[in-house]
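Features as listed in TrEMBL:
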- A:1-12: compositional bias 'Basic and acidic residues' (COMPBIAS)
- A:53-444: domain 'Oligosaccharyl transferase STT3 N-terminal' (DOMAIN)
- A:574-630: domain 'STT3/PglB/AglB core' (DOMAIN)
- A:1-37: region 'Disordered' (REGION)
- A:464-483: region 'Disordered' (REGION)
- A:52-74: transmembrane segment (TRANSMEM)
- A:118-138: transmembrane segment (TRANSMEM)
- A:150-170: transmembrane segment (TRANSMEM)
- A:176-194: transmembrane segment (TRANSMEM)
- A:244-264: transmembrane segment (TRANSMEM)
- A:271-291: transmembrane segment (TRANSMEM)
- A:303-321: transmembrane segment (TRANSMEM)
- A:333-354: transmembrane segment (TRANSMEM)
- A:384-406: transmembrane segment (TRANSMEM)
- A:413-431: transmembrane segment (TRANSMEM)
């Protein structure tokens, strides 16, 4: 809490200082630039204090961001969370033990049995390489840190770097005060924290840093027109491509920005240099990542960039010719050029549609036709509640910042306006993409807050010295280049207004300032609360709190995975639903059949079919896949709602997609259309493998004297089929709270017992011939 | 119409040879050479096929990249454009050019396979 309060006070101090330093320099020495130049004044001038203050605020923002993400580590331990990070951790471990080239060419035969997975070509290596590099450097300096700790704490460290790049970007867009505010916002905002807590070792943790830094370098290269900044932007873009699949956002937003600049008649040679260099060097850099391969010149997502590149070349050529020729000559050439271009475009479109390169999917195509994509909870549309939950007051003030940017437009502010609009659209489509909205919301809210603070705080000094205002405006125009010209004009209007209403001035100003500060403090409190309660759960370890506040830790998952690790053969194969594949591979170190990568739908459908069929049919599938153990999650004893019976319908749907003749979803519902596990449930459901595995021996268990034995707490029903017997499976392990259940698949019997009744041998009636009976045997 | 196009082009060429400075003409000659190399590569690819596709791409993008960087250099050292590039001197433009080429060629060498 202390960090947050200091940060908000620091924000309060930054803006009047930024305003004050400009005036401070204008009065005694009219020479010299604004707050940033200040060479003639020496070290004791406001410029020195300003840099010290900025440095302190940024350092505190980094510290606040880092500490805010440590809740899970303090409450539990330093452990990798959730599902996807376990795969990233396993790959990083492979990288540090076997070297870089082994990692890049890794073929993993312990997942997706019997297919295997080409990890080198299907993964974004940036995260693993970053963690591996940090681990290597630290060990080189003899600071022996285990790779797990590097992985756990990587995301919080990079959140500080994200704050700094957001500061740089906002400073380029508006001014230093707004930059500091933006840095503080993004350090603690929940929308970003949700994907970058300590332990969440996932791509987004470093990708948002790469995104902001690339955008900063892009804005810098547009402003200066220097090839140096463009190459920097390309290298940062290369890092982003290696880190996350969301790089497509960059390669579409930047061409859109250039295109809109062309439409707004803001074309300049700087734009040409910046974009051409960025496109061509960025193109060849992005193709170095094996996973991306040749996609940048083949798929439709990258065609916009190529199109804008071609258009820009044509436009630049036309501008060059226009400067040299008279209007009439130019018109003849222009006509010829346009007809040529139209012909080329026409031929290209025909070629592309013929070779089927550009297939444009609507946003709902994937959701309707591919059940795996539809079943992921992160792909659901965003609700209004999540916008407020993740962004609090920033979502209310960000339209104001957008309005300021549009009102005082220049090349860079067009960029941030486009960024905001596209991010808002995408965030509305999928919950997961709230993450791309968060940085731009932080920046624009910071701009809004900064303008408000300048308006209501910076006027104190102006009112006392009205004659100075003219020179201060001139000074602004001369000093900080493009940034201050529009803001200076705003101040002029305000000061005239201020002269008119002298009495109300200070009261309104202090009320508004107090309100703003209160809003910011509530924001800080909300962010910390949300981080603590909603986003700090490792989901590998569950905790529940009793009435008196003591904590119950449910460590069933790790208990089961470690049982597997220690009690099964090294080459044993474990079948489970795809959610748990990465965790089994990471913690239990066993071969899995399907995992979270979900690259092979038919294989997943096969597993789904095995789970939904009856025991004999499932046994055939399991034999064909060489399965040794089956692992399921069952939440009926503690009321855990994320268990496999609740996910069961998705298994059925995915299986039905591939095997519609064997599995029908309607079979698993009652005739009235309900999904019930009690006696009224459908018989197909009550005899399927998943049901039997979940409720084996559960019928004998009575949790509570008020409920009958076999009462499922999650579904609130007494189970229908209590007397479950297995023919081909046997129970191997059930964890303490029955969360994880592992079954061993028995081999075929040596001798099949006969199904029919044994043939009974009736003793034959003794039949002796009458001839022999009465007469003597003749002597021979 | 073709008559007027030819006359336009000949007038443009005449003005070009007289008005542009020698420094810019050297850069333009270099750009023309790069253009020829790129066209040759593309022609070869059309004739022989794209089998080592990454090699073809590496070579072709190297030509396009060198052309673009040359154009950027020409824009930045042209004294007519000084107003656009206040912070960039001639030496700085050339140094940026060298840096960009270093990065471009490192990547191309890696990509050529």
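Placed from the backbone N, Cα and C atoms, the Cβ positions cover glycine too.
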Cβ-based contact of the transmembrane segment (A:271-291) with the transmembrane segment (A:384-406), 3 or more pairs under 8 Å: no
Folded-back contacts onto the transmembrane segment (A:384-406), same chain, C-beta under 8 angstroms, at least six residues removed: 173, 185, 189-191, 194, 413, 416-417, 420, 427, 431, 434, 437-438, 440-449, 451, 519, 522-523, 526-527, 530, 534
Two-stretch contact, the transmembrane segment (A:244-264) and the transmembrane segment (A:303-321), at least three Cβ pairs under 8 Å: yes
Result, the transmembrane segment (A:118-138) in contact with the transmembrane segment (A:176-194) (3+ CB pairs under 8 Å): no
Stretch-level contact, the transmembrane segment (A:150-170) and the transmembrane segment (A:303-321), CB cutoff 8 A, at least 3 pairs: no
Cβ contacts under 8 Å made by the transmembrane segment (A:303-321) with residues that lie 6+ beyond its boundaries: 251-252, 254-256, 258-259, 262, 267, 269, 271-272, 275-276, 279-280, 283, 296-297, 330, 333-334, 337, 341, 358
Confidence summary for the domain 'STT3/PglB/AglB core' (A:574-630), mean pLDDT rounded: 92
